[in-house]
Ligand SMILES: Nc1ncnc2c1ncn2[C@@H]1O[C@H](COP(=O)(O)OP(=O)(O)OP(=O)(O)O)[C@@H](O)[C@H]1O
Ligand SMILES: O=P(O)(O)O[C@H]1[C@H](OP(=O)(O)O)[C@@H](OP(=O)(O)O)[C@@H](O)[C@@H](O)[C@@H]1OP(=O)(O)O
Ligand SMILES: [Mg+2]
Ligand SMILES: [Mg+2]
């Protein structure tokens, strides 16, 4: 007689918009077939009275939720919480967020990586052109809210072209050097061991000779985002003129992803990379987001289901395996015949033909 499959319960606590985009029938059904029930956590009832779940998947803010999760973890120490509050917290501040990236040692002969120059400003009065200079920055600079808490406000940015634009800053902010990158950004999605890179449109390059001719600043928000119904597919690449942009080497991206996982102890995040136009193969990490819009990722249902299956069956509650495994080692499912990560897909590589002119802010 066939053995009965063990079932797992994954309770999810997500904001309504996230729930609508992520919890799709296709995901729920695929997970169910693999013995994983996705169950909505009722926010009108105490968490402690629900479940018990094998795993709690969450992206919510605020002290009440924090307290409830902590209480739950105490009562059910074996429940897997994805991700830990402490680990997520690090991404809520744009300085500590990128600090992790500076701690990584990426060994790659052909490609290098880092973060843009940046400084934090708490007091608008101290900011002047000479202050920027003393911090090693020059125009244009991007002003980003220090706090990245998922609010609309935390995505509101200013691209400042000259000293007049500095009067618009609303601290606390991070002032970051604007790096010309050919108007394409690479979003690298990480789901446990799985890594997938997609291209998105970004801000156009700014030519130094045009600085004086531009307005003093440009405000923008989520320029690289897609609507939840949009997909990162060939149609999008064509429409956005992105199909010629060459993707960074996958082995390089996997090393960064692995390093970030180890340093942050997060399972679910994406990071934004830009290629520095001034230096051949130098990439800069500009942003790291917890539990991003995975539903826009190709085959997200199977990627997420494989991930749940893997963590639930291992339930290692830690990153011991990550420490042990070599970067290229394939992590295999404990049962089933499909190797985890096998459908990472081949990343198309084509020469970068984009002309600088196309992506330049013109006056
Ligand atoms: N240092 C930089 N140099 C050039 N362009 C940048 C830089 N930092 C950010 N950008 C551009 O600004 C956009 C928004 O910046 P960032 O990713 O930090 O903001 P965010 O609101 O946190 O984004 P997300 O929607 O991914 O959470 C980027 O997608 C990119 O187009
Ligand atoms: O869904 P959420 O509200 O969490 O929004 C996230 C958004 O996903 P969505 O597009 O599905 O909305 C993400 O887009 P992608 O980069 O993955 O395209 C990215 O902008 C995250 O930074 C956002 O998280 P936040 O930083 O605001 O917490
Ligand atoms: Mg971003
Ligand atoms: Mg972000």
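Residue positions begin at 1 at the first shown residue.
Glycine is treated like the rest: Cβ placed from N, Cα and C.
Per TrEMBL, 1D-myo-inositol 1,3,4-trisphosphate is bound by 18, 59, 155, 289, 293; the candidate from 125, 187, 265, 314 named for the same site is 187.
Proximity of the binding-site residues 94, 272, 287 to ligand 3, judged by a Cβ distance under 6 angstroms to any of its atoms, singles out 272, 287 in sequence order. If you take the C-beta of residue 187 (1D-myo-inositol 1,3,4-trisphosphate binding site) and look for same-chain residues 6 or more apart in sequence within under 8 angstroms, you find 197, 198, 199, 200, 224, 232, 270, 271, 272, 273, 292. Counting only residues at least six positions away in the same chain, the Cβ atoms of 59, 291 sit under 8 Å from the Cβ of residue 18 (1D-myo-inositol 1,3,4-trisphosphate binding site). Checking the binding-site residues 178, 202, 287 against ligand 4, the ones with a C-beta less than 6 Å from an atom of that molecule are 287.
For the domain 'Inositol-tetrakisphosphate 1-kinase N-terminal' (10-88), DSSP puts the residue distribution at 36 helix, 18 strand, 25 coil.
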